[in-house]
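K.L.:
I'd like to ask you about the structure that follows.
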């Protein structure tokens, strides 16, 4: 795909000279008398369009299809030529719509048959078209600016479609020569300008229009290279529906379009509301929507010649009764904009309105036998209809593994609802282009920044958190993640803290998770300590955001409970440290001291519950719960370091087991094997080695 | 992406290789050894990918249809038989057919051809095929380039010198060129032995079968992920932007929105373990809320994550890649302009979640969404004229519709320079006026002659009456006084 192919710029040059006012001689009966009223009334003479009218409506149809399928990046410059040049729009994207062109065309009006034919010519328009093709479009400009050093990769190509009534083949040659000369001239000029680009490739499409019933004076000619820059082709076409057919074929060739005919569309009859008949609607879209047909079956069997559009082929697909099941969407491999060929016919508008109202239609390949193959779907998004290509063969995505088979799939207490709420709070919405915030961040950068803030402290599972399971914390938790806090927000946070203090004073229970464990869990004051720690972690993560965030932390630090037995614990801690000084002096820092006292305190907790407790209980890891000291057996050798010292929190079970082991070890004499063990592992049958003189380690079993 | 392994089973594959120990190897054994290594690698790192095994000589045969069962593939390798001469063209055509039958033409596929580089003699040899490649009729085309996006890897159980001694290397290079340069030839370095075949297949694995590991990031929440199938680099515009874009391994989740369309799917799958994983959390919430998450894959390249259920029980996190670009889905607008909904003055989703800022409507409606006028077919014009006449007969009840249709016709006629139609329409309205029955409402006659007169003025081209934006408005009449004075 190349953005700046010949199709990027199309200049329409329409002849507005007096001879274009001539009638096309295609008569249209617009006085359709009904039987009951026809008596005594002379029907009105049929009307006929001028060559000009034919040229305009067919070129407008070309533009309509083009804009439907390519709303951006494919640009039209519309030029009308008589004694002077009327340029009806510019390359600007905002000028690219048929309404604006229609308004401009109405201002030009039909050709004036009384104008002096001597000073009128389509040449003025062709010169203007070449000049226009040299003008840089906003897309070319943008690409050149972003590419900087490699700006020369941005090509300038274009197409001129000239609708005229030529006198002869010689006249046609004269027009071609004129375009060629002008390109050479303009390219020289463009080379020295910033806003102009030399034309690298130009396709001239000359369409000679002549009235019906006349012999053509101009012969058709296939595309021919006139120079390295210019190629030209000549189409000699009768005005009226032949011209329409020709431009329809051209728009398809020029913009890689293909045609699909939807067949078997059931529609209620206008006259008989209870009967329905089947209709066909032909749509145009990018050729890639047919890629599967083109590649697999060069002579695809549902390709046939459409009656309306002459030579071109259409793929017929059958309408399937609409379903709302959206499973098919997952196998969609592409979506292409469509344009109906016969936009305001009744079947067309019925189909498009049906789709615009939010319904989808599945399309089936007509087959004489075998199972039905659904290969496409029509559906609209935001007022635009797309032809979706569905994968009708086997998918490489079939039978995917369940997410529960993967990492973390066995964990059952994810905060699914909370994260859903989180996602809703972080939903995206479009902002106007001009809206940039003070730090010059684009909206999407702000969104990422917000995600960063909101996830600074976000425990993923319920048993990892206390505060997010508490209604009372919600006001603070919602506010603290904000980029800026008002004084009022700070007040709300402080109130939340006071409320928690109050709860603690009243000894309200906290939702500490005891999931998966038996027993009561930690004592109340311990619960509050865990809660306060977690709250502090949350607020600390945001303390750098602003001074007001700091104030919230200050408030917590000031208000949170100081356990009454703290002094006593300190004393005990000191004693214990003295006792264990020998074994634990290596590599102890203050942080560890902090949680040594904590684990001491836990020990107290456990001792009180010792009697009633025959089985161990588990507290799920809490992020801020201190990492307890990995107690070694008393008799372990001094060199041994606690192996899991820095490997994250230790469960209460481990604490408890360690403690029991410790206590028990004092009551009996240690096994000889354990005494001589390395890493709590002792080698069995050591004597065998000596006796056999063989290294038992060889077979690996003894050491593992 | 699926792999089709095309294994040469011609007699030349049984040629022994120079001995390096007590055991004697055939080239076939080396090929099997290499493929075993590839299958083992895939079974561990690529277990969601499909592979098929085809053997060929003068004929070809599917030994194992596309499967994820690498044991079956291995088993087939262990039970190979030897056949006659090498006819590569027929075999490539066979592979092309089985891939298309299974996956269609849009699914990319890798073809691994394992051969000793003896590419046959006479008719059916690769040399012969390549010499006649330009003289084919439509239904006997050379199978390359494959109709599906493909990479053709040629694994030669031969070293480069051996291949260059004949024209084998040239022919194989021509083969890759015929496939649009998509593919590569691997040869063995040094003596033909197990070690060199391992190193050759090792290179193939690094090139084409390296697993895609990435980190999915949502602010500070992250998860290591592996993506199946591996997202391949994409070239957007070979002229302006010729470098292919690759998916960055840091996927940045940038927020959530509600949309419902996909371009290309890959499933994100996690590695084993039991600690909480962000992917599982995200998947669960996306599923429950029915939302999708937007994910950034590189500069101006986006995709989306959502929960996809294969059956009622099994669902997984799926990532769909959009076409690279700043505005991949028109109804989402430019992705860089999507910001947090909380920044908006008013919640765009509504307080009760009843609204959505999506889809974004295009600036200009498409032709089928506006009431365009097309008279290319006579019937289009006739319908419009009849519509006006029908309403004309129901005046004054249908005054509004009558003028609306009249103005639509007037505008189109002016734009198309079709003044003759305006005159004819005027005459038709005047005639309607004369045909009014006695019981007709007096207002009808006034409106009809007023409309006719206005059309005539417009058809004169007088700028005062023929302005495109001008609308003919109903004549103000006053019948409230019981049919008395008329105000004109």
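A Cβ is built for glycine as well, from the same backbone N, Cα and C atoms used for every other residue.
Automatic prediction, not curation, is the source of TrEMBL annotations.
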K.L.:
Name the residue range among B:222-246, B:247-271, B:272-296, B:297-321 that TrEMBL annotates as region 'Disordered'.
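P.N.:
Matching range for region 'Disordered': B:247-271.
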K.L.:
In TrEMBL, which of the ranges B:158-183, B:184-209, B:340-365, B:366-391 has the region 'Disordered' annotation?
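P.N.:
The range carrying the region 'Disordered' annotation in TrEMBL is B:340-365.
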K.L.:
Please work out the helix, strand and coil residue numbers for the domain 'Integrator complex subunit 14 C-terminal' (B:373-480) from the DSSP assignment.
P.N.:
66 helix, 0 strand, 42 coil
K.L.:
Check the domain 'Integrator complex subunit 14 beta-barrel' (B:243-325) for me and report the mean pLDDT.
P.N.:
71
K.L.:
Could you give me three numbers for the domain 'VWFA' (B:3-117), the DSSP helix, strand and coil residue counts?
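P.N.:
Going by DSSP assignments, the domain 'VWFA' (B:3-117) contains 48 helix, 29 strand, 38 coil.
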